[in-house]
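Chemist: The feature FAD binding site is assigned by Swiss-Prot to 57-87, with similarity to another entry given as support. Swiss-Prot lists 221-257 with the feature NAD(+) binding site, giving similarity to another entry as the kind of evidence. Feature annotation from Swiss-Prot assigns Ca(2+) binding site to 391, 393, 395, 397, 402; the stated evidence is sequence analysis. Annotation comment: Swiss-Prot describes 378-413 as domain 'EF-hand', evidence class sequence analysis. What Swiss-Prot lists as motif 'Microbody targeting signal' is 568-577. The transit peptide annotation in Swiss-Prot covers 1-35.
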């Protein structure tokens with residue numbers, strides 16, 4: 001006993017010895033478990049890790065793309081950072097469709113949050129809990145832990161903040177369609193992908209039970225995907241490969257009964273992509289036997305049937321199914337809706353921010369990713385102030401030189417101006433001043449200036465709800481906070497047109513780096529900057545390299561690539577676990 005006590009003290013003082021001892025024990029076939037538990041000392045550690053500090057407290061809600069990218073770059077020597085999330089990991093969500101069919105394992109695409117924050121040279125507090133309410137007036141968030149339910153009254157807690165970062169993503173939007181919540185699968189979380197994987201196997205197992213009619217087998221093996229966006233299309237492609245590369249080999253008696261259908265309310269699938277990609281995807285799905293029903297809207301879902309309306313004819317169709325995956329629309333989480341009501345945004349569908357990601361209607365609260373949308377200010381709302389600021393000599397007219405002097409600030413503050421100039425192929429400021437007949441003008445009055453910019457706001461577009469947008473926003477916000485004091489004294493943003501001075505920071509600017517659409521059969525489509533489109537087998541290898549490089553850690557990168565190799569050699573696993 002004394003020997004164990006001495007050994008315990010040595011291992012506690014020299015952690016490297018304990019690691020070496022564990023390694024040696026495992027390598028020789030033994031198993032050593034060394035642990036020290038002291039509740040009281042644990043409480044003291046928590047107290048010591050939370051000293052009174054003059055650092056501003058930043059509370060981050062969410063560990064998705066926006067929250068994680070913010071945590072990786074924020075200066076924790078300047079801020080007391082605390083993170084609240086109901087999941088203690090980051091998930092590489094673009095690979096969720098691959099998880100549904102076993103191409104990639106679930107644990108290969110997740111990285112524990114504590115692994116991410118421990119790499120920072122400082123301390124970030126993480127609380128595995130769900131946010132229940134935001135109180136912007138008192139600058140507090142109310143949270144509830146989903147663990148330790150036996151500790152009555154100790155699951156709820158609140159945190160005060162100086163700055164709040166809301167990066168909680170979105171939940172599924174059913175558009176109040178009857179039966180969707182009860183009968184459909186979703187694909188937003190890792191758990192969703194795992195449930196889909198089990199259900200696919202269940203459908204096949206049910207279909208080989210003796211005594212079933214052909215109609216019953218066809219119904220069980222009819223897989224329906226509602227939504228023809230990137231998630232729905234990629235899942236349909238993954239499922240097709242899983243079925244025809246793996247499952248038909250072990251369920252050969254029912255291979256002729258399998259059917260995959262994609263229901264899309266729009267005229268084409270992948271309608272946010274280039275038309276060439278959309279057309280290529282539809283043609284490939286047709287060759288693969290995947291049915292694409294465009295121009296159809298689902299009106300209700302029962303336990304065995306989907307009811308949909310064909311827009312062109314107005315006819316209602318009843319479709320039997322074995323499994324439905326709902327992959328369309330994003331909705332707002334309940335506590336975010338409550339927060340929106342508090343800040344006067346109750347009529348909006350999604351949380352509104354300005355171009356600096358600040359939530360409108362309150363101070364010191366920022367929102368990133370799918371839970372928010374940038375409410376870009378319109379040029380025509382400030383047209384008089386812009387004209388007055390540009391008219392330096394107060395002549396009542398604006399010369400080309402005066403306009404050119406403020407054009408850079410206008411483009412930064414109102415990015416739709418730059419889009420308008422490019423789309424209209426207007427190379428210089430003077431091109432905006434041309435009259436209706438195309439003649440050049442040296443100067444314009446306020447009415448002429450309004451006419452010149454009257455169509456600019458038509459170029460405004462909402463940012464897509466993608467991981468790429470959220471990640472860039474998280475990085476942008478962290479860099480703004482890191483340079484807060486510097487930019488307060490030396491502003492680097494565009495000029496204030498309605499007042500004097502400049503904005504402290506440049507507004508957020510999204511840089512589209514391209515998007516992929518895996519289409520199955522080791523083929524993919526890519527849309528990259530510069531109107532460059534690529535489709536086929538070579539694009540699939542580009543997809544592999546990009547997605548491997550974008551993994552959050554070397555551990556997940558190794559696991560994901562290993563899963564791809566395993567699938568090529570051994571195929572996908574069909575076990576129901």
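Backbone N, Cα and C atoms are what each Cβ position is placed from, and that goes for glycine too.
It should be emphasised that the depicted structure is a prediction, and the values quoted were computed from it without experimental measurement.
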Chemist: Tell me the residue counts in helix, strand and coil for the motif 'Microbody targeting signal' (568-577), as DSSP assigns them.
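Modeler: So the motif 'Microbody targeting signal' (568-577) is made up of 3 helix, 0 strand, 7 coil.
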Chemist: Quick one: DSSP breakdown of the domain 'EF-hand' (378-413) into helix, strand and coil?
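Modeler: Tallying H, G and I as helix, E and B as strand, the rest coil: 25 helix, 3 strand, 8 coil.
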Chemist: Taking 10 A as the limit, how many CB atoms besides its own sit near the CB of residue 57 (FAD binding site)?
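Modeler: There are 17 of them.
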Chemist: When the number of other CB atoms within 10 A of each residue's CB is tallied over all shown chains, which of the binding-site residues 69, 77, 395 has the maximum?
Modeler: 69
Chemist: Which of the binding-site residues 57, 73, 85, 251 has its Cα closest in space to the Cα of residue 397 (Ca(2+) binding site)?
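Modeler: Smallest Cα separation from residue 397 (Ca(2+) binding site) among 57, 73, 85, 251: 73.
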Chemist: When you tally the Cβ atoms that lie within 10 Å of each candidate's Cβ, which of the binding-site residues (65, 251) has the highest tally?
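Modeler: Comparing the binding-site residues 65, 251, the most crowded Cβ belongs to 65.
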Chemist: Below 8 Å Cβ to Cβ and six or more residues apart, same chain only. Which residues does that give for residue 231 (NAD(+) binding site)?
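Modeler: Residue 231 (NAD(+) binding site) has long-range Cβ partners 96, 97, 187, 327.
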Chemist: Report the residues of the chain - excluding 391, 393, 395, 397, 402 - with C-beta within 8 Å of the mean position of the site's C-beta atoms, for the recorded Ca(2+) site, in sequence order.
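Modeler: Once 391, 393, 395, 397, 402 are set aside, the remaining close residues are 390, 392, 394, 396, 398, 399, 443.
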Chemist: Where residue 81 (FAD binding site) and residue 391 (Ca(2+) binding site) are concerned, what is their Cα separation in Å, rounded?
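Modeler: Residue 81 (FAD binding site) to residue 391 (Ca(2+) binding site), Cα-Cα distance: 46 Å.
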Chemist: What does the structure give for the C-alpha distance between residue 256 (NAD(+) binding site) and residue 402 (Ca(2+) binding site)? Integer Å is fine.
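Modeler: Distance (Cα to Cα, whole Å): 72 Å.
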Chemist: Round to the nearest Å and give the CA-to-CA distance linking residue 65 (FAD binding site) with residue 236 (NAD(+) binding site).
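Modeler: Residue 65 (FAD binding site) to residue 236 (NAD(+) binding site), Cα-Cα distance: 24 Å.
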Chemist: Three states by DSSP: which one describes residue 81 (FAD binding site)?
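Modeler: DSSP call for residue 81 (FAD binding site): strand.
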Chemist: Could you check which of the binding-site residues (241, 391, 395) sits closest to residue 57 (FAD binding site), going Cα to Cα?
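Modeler: Closest by Cα: 391.
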Chemist: Taking all residues of the motif 'Microbody targeting signal' (568-577) together, what is their mean pLDDT?
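Modeler: In the predicted model, the motif 'Microbody targeting signal' (568-577) has a mean pLDDT of 91.
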Chemist: Just checking, which of 73, 241, 391, 393 (binding-site residues) has the fewest C-beta atoms within 10 Å of its C-beta?
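Modeler: Counting other Cβ atoms within 10 Å of each of the binding-site residues 73, 241, 391, 393 gives the minimum at 393.
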